[in-house]
Every structure is written in C-alpha cells, then in structure tokens.
There are 2 protein chains.
Amino acid sequence: MSDTESTASVEVDADVALDFDDGLLPAVAQDAETGDVLMLAYVDPEALAHTQETGYAHYHSRSRDELWKKGGSSGHVQRVREVRVDCDGDALLYRVEQEGGACHTGFESCFHRTLDGETVGERAFDPDEVYGDDADEAATDGDP
Amino acid sequence: MSDTESTASVEVDADVALDFDDGLLPAVAQDAETGDVLMLAYVDPEALAHTQETGYAHYHSRSRDELWKKGGSSGHVQRVREVRVDCDGDALLYRVEQEGGACHTGFESCFHRTLDGETVGERAFDPDEVYGDDADEAATDGDP
C-alpha cells in the first residue's frame with residue numbers, strides 16, 4: 001500500500017473481487033503486533049479507497065451515513081499495514097498499528113467483555129480526558 | 001461456558017445486551033492460541049444459543065437461511081473457549097480452537113489473501129480430500 005497507488009476504483013484496482021452488493025462490507029481491525037481483534041466496523045468503496053490512499057483506517061459510519069476516519073477526533077488512529085479479504089470477498093481484515101486504544105470507552109479493544117459481562121480487556125486511556133464532555137466527539141470516534 | 005449453562009434465551013441470560021435489530025450479527029472467529037482471525041460469519045439468537053449450549057461454533061447461513069454448525073460436514077469444527085461482545089453489542093468475537101482449517105478452500109484462515117491478491121495464509125488441508133467432488137458439502141461448510 002502506498003500513497004502513489006491508484007485507488008480511484010476499488011473494483012478495478014484490486015486483484016480480488018469484492019462483493020459490495022449490499023453497499024457495505026464488514027471490516028475487522030486487528031492489531032498487527034499483538035493479534036488482538038480491536039473492533040468491527042463497515043466500509044464502502046469510498047472508505048476503502050481512503051484507507052488505501054492514506055494508509056489510515058477509514059470506515060463508513062452507518063449511524064451518520066458518512067465517511068469516518070478512525071481516530072479523527074481522538075487521535076487514536078489506525079495505521080494500516082495490510083488489508084486482507086476473505087475467501088468469498090465479502091469481509092475485510094485491516095491489520096493495523098493502533099494509536100492509543102481502539103474503543104471509545106477507553107479500552108484497547110471494543111471486544112473487552114465476555115457475553116456474561118466479565119471484563120477481559122485492558123484499559124488504554126481515560127475517555128473523559130480524551131473526549132471531555134463532548135459526547136458527540138466520542139460518538140464520532142466510536143460509533144461504527 | 002458449559003453444557004449445563006442455561007442458554008434458552010440469549011437476551012435473558014446474557015449480562016450484555018445484544019442488538020439483534022437487524023436479525024443477524026457478525027461474528028468474528030479468532031484462533032484462541034495463535035490470535036489469527038479465521039473467518040467472519042453471522043449469527044442469530046438460535047445460532048448463538050447453540051454455540052453456548054454445545055460449546056461448538058454455530059452460525060446462521062445467509063445463503064441457505066438456516067442454522068450452520070461450522071465443520072458439520074468437514075469435521076473442521078471450532079471449539080469455543082469464549083464469546084466476547086463489542087462495546088455497542090452489535091458484533092461478536094468467538095475465541096476458538098480450530099480443528100483442521102477454517103476455510104473451505106483448505107487454508108487455515110478465510111483471510112489468506114491481501115487485497116492485491118497475494119497469498120499470505122497457510123494451507124491446512126486439501127479440500128479435494130475433505131470434500132471430494134461434493135461441491136454442496138464444501139458450500140455447506142464454507143459459505144456463511
């Protein structure tokens with residue numbers, strides 16, 4: 001991935017066909033160093049193109065229906081080392097270097113709880129310090 | 001998770017509320033030992049309940065619109081050590097012990113290619129030996 005790579009059209013440039021039939025594909029962000037699964041969000045061709053062009057993870061916010069650069073407000077960006085695609089081309093894996101923590105609640109990973117409610121993840125930052133009283137900022141950063 | 005755990009109703013038993021508003025939630029399967037992201041599929045309350053009751057990963061096949069036990073035809077089952085839920089309750093993480101390989105193409109992971117088409121994953125088995133000429137069997141096992 002480089003800034004000089006042409007990514008005007010994901011479908012044309014990619015050797016692997018992606019199935020955007022439903023408009024959005026789920027993208028799993030994984031810490032490239034630790035292997036931790038950090039979050040799951042959604043991408044459209046625009047978000048994927050921005051990810052490839054900039055080297056930083058972009059998603060499409062379903063709630064706001066707009067392009068979303070992860071960490072745009074918090075600074076907790078994700079530098080993307082590699083984008084992988086699954087066997088049937090309808091899911092993506094972003095292998096990233098996570099700045100700060102991925103979760104807007106302050107945890108390293110959004111998957112920091114078991115289904116029984118036990119906390120199993122590690123805290124990375126204090127959300128009050130990062131977002132202050134600006135709930136919109138937290139939502140902008142954390143809501144896929 | 002144990003077989004004796006009551007899982008008749010996911011919503012009632014879970015301390016963490018799940019948002020099944022859209023009917024299905026994406027579930028990421030991760031190898032609990034290596035940290036590799038193996039696949040992404042979808043679950044409904046029935047599939048999640050079966051996962052909790054049996055300790056083996058179940059999903060809901062979107063193409064066949066039915067409950068799908070991963071490895072039901074190939075034997076490449078996933079023993080589930082832990083189910084995690086993300087911060088906003090709309091994605092799941094299955095931490096599993098994968099028998100054989102997760103991908104019906106024979107690779108350990110369905111995410112065995114980069115977006116540029118480079119193969120980065122390891123082969124785990126020969127799909128011809130596992131599935132033979134039975135394409136339906138492969139599809140049953142591999143198609144989320």
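FYI, residue positions are counted from 1 along the chain as it appears here.
Keep in mind that glycine also has a Cβ here, set from the backbone N, Cα and C atoms.
As stated in TrEMBL, the feature region 'Disordered' covers range B:122-144 out of the listed B:76-98, B:99-121, B:122-144. Within the same chain, no residue at least six positions away from B:CYS87 (Zn(2+) binding site) has a Cβ under 8 Å of its Cβ. Long-range neighbours of B:ASP86 (Mg(2+) binding site) (same chain, six or more residues apart, CB within less than 8 Å of its CB): B:LEU92, B:LEU93. All protein chains included, B:ASP90 (Mg(2+) binding site) registers 17 other Cβ atoms within 10 Å of its own Cβ.
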